[in-house]
């Protein structure tokens, strides 16, 4: 329960900090026109120009557009992901394979946990994407988290609320798996450096929060670079159901299916088209990963681990009393 609670807290706080970059990422990913300052047909041409344009046209609420469904998605995803990871990793350590292949077990457990979290949180991601991508005041642009999921399901069925699920799972397994591996490796390396500096080779000390944050940011950026094109295709395939609510942003991508999306993106925008919106995404991924892991590890160190120790002591005292 505490592991799940820690994941939920980290997801909520992280989303609050990183959401403006997410808005920018989605707007960039869905723009067919080039992201160039000299282009006369492009609505957005760069991070600062886009932030300025959104603020001017939609106000401060535009920069935080879709925050409620995004918050629901983040809390649900982080809660399920971190809890699943802890259970899977604990189970993996029961086997010799898991103990002998530490980094591989991090990758496998992290990837599977990410997939479980994605399946549960995907309907909120669909609603979040529609709210951010739609014209202000349209039906899609005013969807609320829970009622929005209900409306989409009622109108479009399971296919609607699971839109983009296949591409999400394709990218989430290597993304989260790599994220966990890199983060754990960096933390292990940090432990070694700290022990050498303090000349305490056999004593594990708690990593300072600033270093946890830095390790999380590095792992998030490196992992995201590996799978970014899949994230763009996922977002574009979510467009096929609500293009009528998105007329003021330029041409809509032709992405009714995954293969059609890949082909049309390559033909109209070239290879660079698959990396649109990557810079705000890397900012967002670095911040989100850093906050996710730092807050979760801090929660574990200050609450979950002490409670486990207390529970263990209570059980030992009960066993002694019985004897």
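Start at 1 and count along the chain as shown; that gives each residue its number.
Including glycine, each Cβ sits where the backbone N, Cα and C put it.
According to TrEMBL, the features are:
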- 1-91: repeat 'Solcar' (REPEAT)
- 101-189: repeat 'Solcar' (REPEAT)
- 104-124: transmembrane segment (TRANSMEM)
- 165-186: transmembrane segment (TRANSMEM)
- 207-228: transmembrane segment (TRANSMEM)
- 208-302: repeat 'Solcar' (REPEAT)
Beyond the flanks of the transmembrane segment (165-186) by at least 6 residues, Cβ under 8 Å: 81, 85, 103, 106-115, 118-119, 122, 125, 215-216, 218-220, 222-224, 226-227, 230-231, 233-234, 237, 258, 289, 293
Helix, strand and coil totals (DSSP H, G, I; E, B; other) for the repeat 'Solcar' (1-91): 70 helix, 0 strand, 21 coil
Averaged pLDDT score, the repeat 'Solcar' (208-302): 82
Helix, strand and coil totals (DSSP H, G, I; E, B; other) for the repeat 'Solcar' (101-189): 77 helix, 0 strand, 12 coil
For the repeat 'Solcar' (208-302), the number of residues DSSP places in helix, strand and coil: 78 helix, 0 strand, 17 coil
